[in-house]
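**Student:** Per TrEMBL, the features are:
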DOMAIN    18-301  domain 'ABC transmembrane type-1'
DOMAIN    332-565  domain 'ABC transporter'
TRANSMEM  21-41  transmembrane segment
TRANSMEM  56-78  transmembrane segment
TRANSMEM  128-153  transmembrane segment
TRANSMEM  159-177  transmembrane segment
TRANSMEM  244-266  transmembrane segment
TRANSMEM  272-293  transmembrane segment
Amino acid sequence: MLKKVFEYAGDYRKTTYASMIVLMIGVVAYVAPFIFAYQIIQPLLMHEALTLEYVVWRIVGIAVCLILYAVFYIWGLALSHRSAYHTLENLRISLQGKLEKLPLGTIQEKGVGSLKKMFIDDIESIEILLAHALPEGVANLSIPIMVYITMFIVDWKLALLSLVSLPLGLIAMGMLYKIGMSEMNTYYAAAQKMNNTIVEYINGMEVVKVFNRDGESYHRFENDVRGYRDFTLAWYKACWPWMALYNSILPCVAMVTLPVGAWFVLQGYSTLPDLALVLCMSFAVGSPILRALGFMSTIPQLNYKIETLETMMNADPIIQGTTSFAGSDHSIRFEDIHFAYKEEEVLHGVSFDVKEGSLTALIGESGSGKSTLAKLLVHYYDVSGGTIKIGGQDIRDMSLEALNNEISYVSQEQFLFNTTLLENIRIGNLNASDEEVMEAARKAQCEEFLTRLDKGIHTMAGDGGKQLSGGERQRISLARAILKDAPIIVLDEATAFMDPENEEKMNAAIAEVIKNKTVIVIAHRLQSIVNADQICILKDGNLEAIGTHNELLKDSDEYKRLWQAAQSSAAWKVSTKEGGNKE
Ligand SMILES: Nc1ncnc2c1ncn2[C@@H]1O[C@H](COP(=O)(O)OP(=O)(O)OP(=O)(O)O)[C@@H](O)[C@H]1O
C-alpha cells in the first residue's frame, strides 16, 4: 500500500522520511524526563543525601526535554503535512490525467457520486496515512520500544511484568483488524451506492417534481441512506467488543506490575526505586501504544480506498496513437464494426462509406445503435471489432487530440459551463477573438435571444446552462462547432418538438455548421434529411439498408414503414394544430 502511495509522493517521499526522523528524535526527548525523575526519586527512596543544585538541574532537564519534544513534534508534523498535501495534489492530477485517457463509458459507469468521492474524500483520507499514521505511528511505536529497552536495562524482571498485558491487547487489536477488513467491501459498496443516489437525487430533482415522483425517488434515497446506516452499524457492532477490549487492556501496563512488582520488592528480587521507575514508565507507554494502534485501525479503510484508486488508475486506456491526422481526405469508412458496452453486443458488423463533403443520415428506431456508431467515430469508446478510418487512416492510429481537431460532435445535450456565454462558445476555439465568437453566435442564430439578455453574450450561463432554454443551449453548442470549424461534423439532431420559429432558426444554424463539411447526422425527423446524399437505416445493430431517399422508398420496406410513420406523425401535428391544440 505504502509503495503505491509513495509512487505519487515522488521526491516528497524524502520529506515523509525526514518527518519520521524528526518525530523520533522527539521521542528521545519524551523518554528522557523519566530518567531525570528516576535520578531524583532513587536517592530519596534510598535515603541518600541530595543537593539543591542536583535536583534543580534535573528539573531543568525535564523542562528542556518537554519543550524539545513539543518543538520536534510540531516540526515533524509540519514536514509530514507538506509531503502529504503534495502527494494529494499529485494523486488528483494523475487521476484527472487518467480519466482523460479512459473511454467515456468507463467514466460514466462509475457515476458522478463515486468519482466525486474518489477525487475528494478517498484521496483526502490518504492525508491521514502520510501526515499522521505513518510518521506519528512510527514515533508513537518507538516510544514503547525505547521505554521497554530502558526498563529491561533497569530491571528485566519488572520489565517482563509490564509486558504481560500486551499480548491480550494485541490479540483484541488483531481481531478488530480482521473483522474490519472482512466487512470493508460491503461497507464501502453501501457508501458508494448512497453517494451515487444522493447525487442522482439532487440532479434529477426537476424530473422528480415534474412527474410527481417525490415519493418513489425519496424511497430510493431513504433506502440507500438506511442501507448505509445498517451496514455501518453492523460493522461497528462487530468491531465494538474488540475495540473496547484493546482500548481498556493496552493502557493498563501497570495492571500486573504494581501488585507483583511490590511482592518482588518485599521478597528482595527488585529494589523500590527500580519499581518506582518501571511504574512511572508504564504509565508513559499506554497512550502512545493506543495512538499508534489507533492509526492502524484506519489502515483497512485506507487500503480499500487505495485499491479502488489503483483499479481506476490501472483501467485500460482508450487505444490511441501519437501521430497527428495523416488521412488523405475526410472521407470516412466504417469497416465491419462490432461493439458491446458490456457483454451484450449492440452493433453487429456495420460497414459503409461516407464521401468527403457529403451528408449521411443515420436513421432507425430507438436503440438501433445510431448514437453508439457516432460515439465510436468520435472515439468515446474503442470498437470491439472492425475499424473506423478517416481518409484511409485508422482513428486508433492518431491521438485523440488530432482526431478532435478533425471532428465536431454536436450532441443533443451539450454542457454549458457556469461562465459567460461568450466563453462557453469560445471553447470551440480558444484562440478566437471576441469578434469571431460573436460572428459564430450570429451564424448560429443566437443573436435573437442574446439581445434579450441584459448582458447579452456576457451573461453567465448559470449552473449547467440552466438560464437558457433547450433550443438556446443547442444553438450555443452549434456556435461552438461553427467556431471550431472542423472538417467533419457529427450532429445528433434534436428529438424534442420545437415551435416553428425555433425550428427554423435551428435549421438555419445547422445549415451554417454543415456548410462544406463531411456530415453525419443522427436524424430523428425524416423530413429533414430527404435531400441527404445517403441515408443509412440501422436496425437492431445492423445496417438494414443504405441509399438516397428515393432509392430507399423504392427498395426498402423498413424505410417505407419509417417514412409512413413520419408522415402520419406530421399529419397528427397538423391536425392537432388545426384542432387548436398545443402544436
Ligand atoms: N452506456 C450504455 N451502456 C450500456 N448499454 C447502452 C449504453 N448506451 C446505449 N446502450 C444500448 O445500446 C443500444 C444502442 O443504443 P443507442 O443509444 O446507440 O441507440 P440509438 O439508435 O441512438 O437510440 P436513440 O434514437 O433512442 O438515441 C441500446 O440497446 C442501448 O440500450
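Glycine residues also receive a Cβ, built from the backbone N, Cα and C atoms like all the rest.
Heads up, TrEMBL stuff is auto-annotated, nobody curated it.
Bear in mind that the values here come from a model prediction, so they are computed numbers and not experimental data.
Provide an account of the burial state, proximal residues and distances for the features listed.
**Tutor:** Confidence annotation: the domain 'ABC transporter' (332-565) carries a mean pLDDT of 87 in the model.
Here the transmembrane segment (56-78) has long-range neighbours at 19-20, 22-23, 25-26, 29-30, 32-33, 36-37, 39-40, 131, 135-136, 139, meaning same-chain residues at least 6 beyond its ends whose C-beta is under 8 angstroms from one of its own.
Outside the transmembrane segment (159-177), and at least 6 residues removed from its termini, the chain residues within Cβ reach (under 8 Å) are 148, 151-152, 239, 242-243, 245-246, 249-250, 252-257, 260-261, 264, 278, 281-282, 285, 289, 293, 296-297, 299-300.
Within the same chain, residues 157-158, 161-162, 164-166, 168-170, 172-173, 176, 272, 275, 278-279, 282-283, 285-287, 289-290, 293 sit at least 6 positions outside the transmembrane segment (244-266) and bring their C-beta atoms closer than 8 Å to a C-beta of that stretch.
If you look at the transmembrane segment (272-293), the same-chain residues 6 or more away from its ends with a CB under 8 A from one of its CBs are 30-31, 34, 37-38, 41-42, 45-46, 136-138, 140-141, 143-144, 147-148, 150-151, 154-155, 158-159, 161-162, 169, 173, 246-247, 250-254, 257-258, 261-262, 264-265.
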